[in-house]
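Trainee: Sharing the record's features from TrEMBL:
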{"type": "BINDING", "residues": "58-62, 132-138, ASP161, ALA261, GLY332, HIS384, ASP448", "note": "(6S)-NADPHX binding site"}
{"type": "BINDING", "residues": "ASN59, ASP128, SER164", "note": "K(+) binding site"}
{"type": "BINDING", "residues": "LYS418, GLY419, HIS420, ARG421, THR422, GLY447", "note": "AMP binding site"}
{"type": "DOMAIN", "residues": "9-218", "note": "domain 'YjeF N-terminal'"}
{"type": "DOMAIN", "residues": "226-507", "note": "domain 'YjeF C-terminal'"}
Amino acid sequence: MRIATAQQMRELDRLTIETGRHTALELMERAAAALAAAAVELAGKPTGRAVCFCGAGNNGGDGVGCARLLLERGFEVRCILVGQREKMTHSTRSMEFQLISAGGKLEEFQPDDPEFARWCLECDVMVDALFGIGLNTAVCGDALTAVHMMNTCEIPVLSADIPSGVEADTGRIFGAAVHAKRTVTFTLPKAGHYVGKGGLCTGELTVADIGIPRELVDAQEYPVQSVEADDIHLPHRQLDAHKGDFGKVYILGGSVGYTGAPALAARAAVRTGTGLVNLGLPAPVWPIVAAKLDEPMPHPLPAGKDGQLSLEAGEAALAQISSCGICLLGPGLGRSNSTAAVVRHLLQEIRLPVVLDADGINALEGHIDVLDARQGLHTVLTPHDGEFARLGGDLSDGDRLRAARTFAMEHTCCLVLKGHRTITAFPDGSAYINTTGNPGMAKGGSGDVLSGIILSLLGQGFPARQAVPMAVWLHGAAGDVCAQEIGEYGMTPSDLIDALPAVIRKHVG
Ligand SMILES: NC(=O)C1=CN([C@@H]2O[C@H](COP(=O)(O)OP(=O)(O)OC[C@H]3O[C@@H](n4cnc5c(N)ncnc54)[C@H](O)[C@@H]3O)[C@@H](O)[C@H]2O)[C@@H](O)CC1
Ligand SMILES: [K+]
């Protein structure tokens, strides 16, 4: 799904109003209606008790409108202004007049009023309309108190547009943020609903159409998208297809101590549909890894006494890679100097697309020039935060989306920044935010499975822009199946591989 920035939303609102399609108040009324409908669902009954915390800006206006609509449905409602009356926007004031006409009122927030606190404890739903896309400083003072009240009352909270305190374009939290059970946003989702801490505060997200004309929405460019089930499509296979049609891939991995990683990547590639999977393994671990695998073809490579690749392994691997269409460097390779030197040598010599994971990425620490020299060749890197930092990636300001996009642009690569809501960024600045996966996947070996899936789809000829976000989604979806069937504690990366075929099958056609 396309993701809009706060600036784009302001622009779309402005254009809609300027072209006379809807007034600001009409847009706000539709936003309020969507909120009220969601509030009733969240309350779980047709009427009940609700409190709406409203800021002075237009997000507050959505909340005031929602309060009136709930009142008209028979709810017992208290609508609270958290902010200065003199800063109320024109539309929010209009909403207040309408609330008064309907028999309600906009009360000043009395944070120390024990009667109000007791009243709130009996609510069926709380509406958070403090700040939306206009948040510009840390939440403090009365707004902070209101955020704490919503977060501690154990009553379901509905956020208007975005949980208050979350920065719309980054998902960073300014001071503190509301933990919503549900968020209703308008027209298009924002990055802050998915990434960073915002992704943890948003709860169930729904997108309401408030009447912004379709042609205005379509006229904008949206470099960032979320990846959802509807985006995943794999074609039927041709009746006369043969194994050569589905990629010949090469995996360089393994070392003493890491015999599972290359096997997981290879099995994942087979389960994702690759025609032929070759592996290059340090000779000492070759029989162990080979014994785990039936379909892939493991080859021994020269190794040192430490059980890791020796320098001579580079030429031997190159000879094997030359007959393949793509290779994966890294799973379980270890971090010896000679291994890192082999990886860098291969990166310099291989003119094929390369997927770089784990120790393959670590080999670039202090040698980012080797990556930069691959300009024009496809290189996909799949770091977690620690590996990203070793590459020189900067996550210090908490803006993962910006960090991933900047890195991909600066180093002309595809960057898969793994974690909650994995981000796949491309050199043209576009990025895809994944929506599948769960904490049961936070186990050694999950990354090897992911790199095997990416390798497989790229090897089958899907363009990177399609293959990589799709691989990330399938990996997470397999994880979600495992969490459902096995549970987050006991599920393993091998279970992900076993779950893959059924997940993939649902998206073929
Ligand atoms: N026509 C429109 O522009 C529409 C806007 N809508 C709503 O309007 C929102 C945007 O409205 P606004 O641009 O007025 O912005 P907000 O209502 O999000 O917040 C801006 C107000 O809060 C203040 N503020 C920001 N951060 C603060 C902080 N940390 N502490 C204290 N005060 C702070 C600002 O000075 C300003 O007064 C959207 O998120 C959406 O909910 C919807 O009603 C749809 C139509
Ligand atoms: K809000």
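Keep in mind that glycine also has a Cβ here, set from the backbone N, Cα and C atoms.
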Trainee: Other than ASN59, ASP128, SER164, which residues of the chain come within 8 Å of the K(+) site, judged by Cβ distance to the Cβ centroid of those residues?
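Mentor: Neighbours found: PHE53, GLY55, GLY60, GLY63, ALA129, LEU130, PHE131, GLY132, SER159, ALA160, ASP161, ILE162, PRO163, GLY165, VAL178.
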Trainee: I need the most crowded of these binding-site residues: GLY61, GLY419, GLY447. Count other C-beta atoms within 10 angstroms of each C-beta and give me the top one.
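Mentor: Selected residue: GLY61.
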Trainee: Take the C-alpha atoms of GLY447 (AMP binding site) and HIS384 ((6S)-NADPHX binding site) and report the distance between them in angstrom, rounded.
Mentor: 9
Trainee: Using C-alpha atoms only, work out the spacing between ASP161 ((6S)-NADPHX binding site) and THR422 (AMP binding site) and round it to an integer in Å.
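Mentor: About 23 Å separate the Cα atoms of these two residues.
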Trainee: So what's the average pLDDT for the domain 'YjeF N-terminal' (9-218)?
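Mentor: Summarising the domain 'YjeF N-terminal' (9-218) by its mean pLDDT gives 97.
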Trainee: For the binding-site residues ASP128, ASP161, which one has the sparsest Cβ surroundings, going by other Cβ atoms within 10 Å?
Mentor: ASP161
Trainee: Other than LYS418, GLY419, HIS420, ARG421, THR422, GLY447, which residues of the chain come within 8 Å of the AMP site, judged by Cβ distance to the Cβ centroid of those residues?
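Mentor: Not counting the recorded site residues, we get HIS384, LEU417, ILE423, ASN434, GLY437.
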Trainee: Pull out the binding-site residues from the set ASN59, SER164, GLY419, ARG421, THR422 whose C-alpha sits within 10 Å of the C-alpha of ILE133 ((6S)-NADPHX binding site).
Mentor: ASN59, SER164
Trainee: For the AMP site as recorded (LYS418, GLY419, HIS420, ARG421, THR422, GLY447), determine the largest distance between any two Cα atoms, in Å, rounded to the nearest integer.
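Mentor: The two farthest binding residues have Cα atoms 14 Å apart.
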Trainee: Ligand 1: which of the binding-site residues ASN59, ASN136, HIS384 have a Cβ closer than 6 angstroms to it?
Mentor: ASN59, ASN136
